[in-house]
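Notes to accompany the following structure.
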Amino acid sequence: MSDVNAVKHFLLSLQKDICQQLAAIDGGADFAEDEWQRAEGGGGCSRVLSGGRVFERAGVNFSHVTGKSLPPSASTHRPDLAGRSFQAMGVSLVIHPLSPYIPTSHANVRLFIAEKPGEEPVWWFGGGFDLTPYYGFKEDAVHWHQTAHDLCQPFGDEVYPRYKKWCDDYFFLKHRNEARGIGGLFFDDLNEPDFATSFAFIRAVGNGFLDGYLPIVERRKDLPWGEREREFQLYRRGRYVEFNLIWDRGTLFGLQSGGRTESILMSMPPLARWEYQHQPEPGSPEALLYQDFLPARDWLAESHTHNKEA
């Protein structure tokens, strides 16, 4: 598949571009680069910014790994592919800002190919992006979802609603009965209508991520905050850790396939905390997060209704 090289080139360019733009807006730290090889096949390049003015930690990882047999996390939904050799490539990133008023964000775009001698390769794309605020701002939520909607629109009216719901369903902590954040887009097993269109869609998602995120960073990075906001941010980061270690398929695939643990766990926040039976004060900004932002909402429909009324 000659198209695989084009995907790899795009992913490497995406990683470079995102790192350059994040370092520019941070202004206090740059990305350290760590190239690595995987004994079972393949390798990657992890880039991590730590201790910045804006970002406490930002990790942007590229990997292209190969293996002789699909791990259980990848073949559970496709038992017909069990035992096939595979290659997987992608860019995955998580950004943990210092300010509690800037949301944590995550994005991922990837290509997976399962191969068997004498048969056509089975391929699919996956990915998306999602936002995890600690303090909710409706303006930010609407902008985030408007960006997601607009990049999906050229691919069909049904794409944004479908992948928005998939994101709401996926980034949900079942053991807490609580969403991780306000969602965005999530998709997997994308192979229709063809390779070129699917590839065009992941380019739109990858390139659209910073269009959604950087304006929010700019709006919130200079807001003053104190110990109360920081403590709540660290408490909510605990939910991020719980999701990644218990529910996230990407984390499980990486660990089960003998992936590089340092790169897989790059998504973890540098600091987090847990508190027994924490309850936010009624009517507080912290309570508002649970009340108005974590329950799944159609942000764009509400925004359009409000604009018509105005």
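Positions of Cβ are set from backbone N, Cα and C atoms, glycine also.
Feature list (source: Swiss-Prot):
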type	residues	note
BINDING	S92, N108, V109, R110, G258, G259, R260	substrate binding site
BINDING	H96, H106, H145, H175	divalent metal cation binding site
ACT_SITE	H106	active site, proton donor
SITE	H175	site 'Important for dimerization'
REGION	240-275	region 'Important for dimerization'
Q: Let me know the model's mean pLDDT on the region 'Important for dimerization' (240-275).
A: 90
Q. Of H106, H145, H175, which binding-site residues are close to S92 (substrate binding site), meaning a Cα within 10 Å of its Cα?
A. H106
Q) Whole-number Å distance between the CA of V109 (substrate binding site) and the CA of H145 (divalent metal cation binding site)? A) 18
Q: Out of the binding-site residues N108, R110, G258, G259, R260, give me the one sitting nearest to H145 (divalent metal cation binding site) by CA distance.
A: N108
Q: Please find, for S92, N108, V109, R110, G258, G259, R260 as listed binding substrate, the greatest distance between any two Cα atoms, in Å.
A: 20
(Q) Can you tell me the CA-to-CA distance separating N108 (substrate binding site) and H96 (divalent metal cation binding site), as a whole number of Å? (A) 15
Q | Rounded Cα separation (Å) that holds between G259 (substrate binding site) and H106 (divalent metal cation binding site) | A | 19
Q | the region 'Important for dimerization' (240-275) - residue tally per DSSP class, helix then strand then coil | A | 22 helix, 0 strand, 14 coil
Q. Near the Cβ of N108 (substrate binding site), how many other Cβ atoms are there if near means within 10 Å?
A. 22
(Q) List every residue in the same chain as R260 (substrate binding site), at least 6 positions away in sequence, whose Cβ is under 8 Å from its Cβ. (A) W36, R38, G44, S46, S63, G254
**Q.** Nearest-integer angstrom distance between the alpha carbons (Cα) of H106 (divalent metal cation binding site) and G258 (substrate binding site)
**A.** 23
Q. When a 10 Å sphere is centred on the Cβ of V109 (substrate binding site), how many other Cβ atoms does it contain?
A. 28
Q: State the Cα to Cα distance, in Å, between R110 (substrate binding site) and H175 (divalent metal cation binding site), rounded to an integer.
A: 28
